[in-house]
Amino acid sequence: MEFKVNSECSEKQSSDCIVIGIFESGEFSPSAEKVNKISHGYLKGLPQNADLQGKAEQALLLHHVPHVAAERVLLIGCGKEEELDERRYKKLIKKMVNTLKETGAKNVFCYLPELKVKGKDIDWKIRSAIEVIQDALYCFDHYKSTKTLHALNQITFIVTATQTKAAQTAIQEGIALAVGINEAKNLANTPPNICNPAYLNASARKWAEKFKNVRVSVVNEDEMKKLGMNAYLAVGQGSKNESLMSIIEYKSGKIPAGTKPIVLVGKGMTFDSGGISIKPSQNMDEMKYDMCGAATVFGVMNVVAELNLPLYVIGVLAGAENMPGGNAYRPGDILTTLSGQTVEVLNTDAEGRLVLCDALTYVERFDPELVIDIATLTGACVVALGHHMSGLMSNHAPLAEDLLHASEQSGDLAWRLPLGEEYQEQLDSNFADMANIGGRTAGAITAGCFLSRFTHQYHWAHLDIAGTAWRTGKEKGATGRPVALLSQFLLNKALAQKQGA
């Protein structure tokens, strides 16, 4: 898919389709007024039937509108102008794409970024449009004998002359973001008989070959044993697939000497059966998505490298597979973590935090500016927040505020949960420093509390993406969240870096 910007009058340029908005009660957007004028009142002369009421997400496809060079004109209902917010704007873009897919149109001129969206500029509108368009066109058909093909291959956004420069930058950022999201989706959707910890590492290495300022290394099981990463090792010992922690290091040549890295740690359970505490069989196939934290990190690193952001970012893909077997770890086991703290295993299905606790201790060696871990960690977070927002916890209020701000900017929403000392008591164990679960109540919070015990050396945030990383049902598949949130967070960091230079 190719994206362009143009500030010229597209109504007189040849194309397969132009897309314009109309508001409820027959109010026209500026572009609709233009088309109506060029066509000598053709749009105003259409019957005000149910197809042309301008209600949100209505669509009316017109062919051969008089004096308009495009073969088709697609009218998108925008609802009431004063109610047009970011959520509705994205829905309008999605409606546009889904309608265009059925038309056979190849090259399209789109006027929808002219719409006034509360609190959003042209940069946001074009970036968001690209993200929605690529999501609507995305199809994971790698393992299907018949591939899904769409004719649509070029969209030109029509903007004013003064908006052109910002729009071109937005296209560059939007494409990079869409690529990062799609790479995260592709990795997450890959079946678990193919996507194991070694596959995560191979994918990172192959991708890194495109960039001179990216390098990839790996911590294998032998090195983990030498280091004392016994919690991480325990989780994967029931699987024939070796646990591997892949480390992606991106370092811009534009940063000052002594810059500390931002570290992203992604839970990469390439399949989570639950181990000895085995999961119910229903929907167990979706446990291939337990590596969406690692997929997110991979996607974000794509965005950072594609945009050549002036940052130092390290991404950790904490890969392992949790399987039952004669060598699997058991409820009742006590593990000595890399930090020296001991953990009593009460449930082997609370394995992600065991992998992460050692990974979080490991990254201390990088002397990070901050660390963010991303994990499909708890079903409790899904119960608390549903599938709309990721759970956010942090030991540093400014970091949490920056992430929440980025979530609002991107529309990839998060909600902060508490990390109070009163919750820590639920992790008490009679036999070890802590247990790996904290009982039925506040499960997402106690999981965050567990991780917090391994993050005293740096500013840290935790994103629980169990409810947002993939969809179930008819639209089953990875969402690519929260690549957009974290990419926006890093774009903000890069902007601050430039302004401070």
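Each Cβ is built from the backbone N, Cα and C atoms, and glycine gets one as well.
Of the residues D285, D290, D333, D367, Swiss-Prot places D290 in the same Mn(2+) 2 site as K267, D272, E351. D349 (Mn(2+) 1 binding site) has its Cα within 10 Å of the Cα of these recorded positions: D272, K279, taken from K267, D272, K279, D290. In this structure, the recorded positions under consideration are K267, K279, R353, and the one with the smallest number of other Cβ atoms within 10 Å of its Cβ is K279. Its own atom aside, the Cβ of D290 (Mn(2+) 2 binding site) has 28 Cβ atoms within 10 angstroms in the protein chains shown. DSSP assigns D272 (Mn(2+) 2 binding site) to a strand. Taking the C-alpha positions, the distance from K267 (Mn(2+) 2 binding site) to R353 (active site) comes to 9 Å. Within the set of binding-site residues (D272, D349, E351), the lowest number of other Cβ atoms found within 10 Å of a Cβ is recorded at D349.
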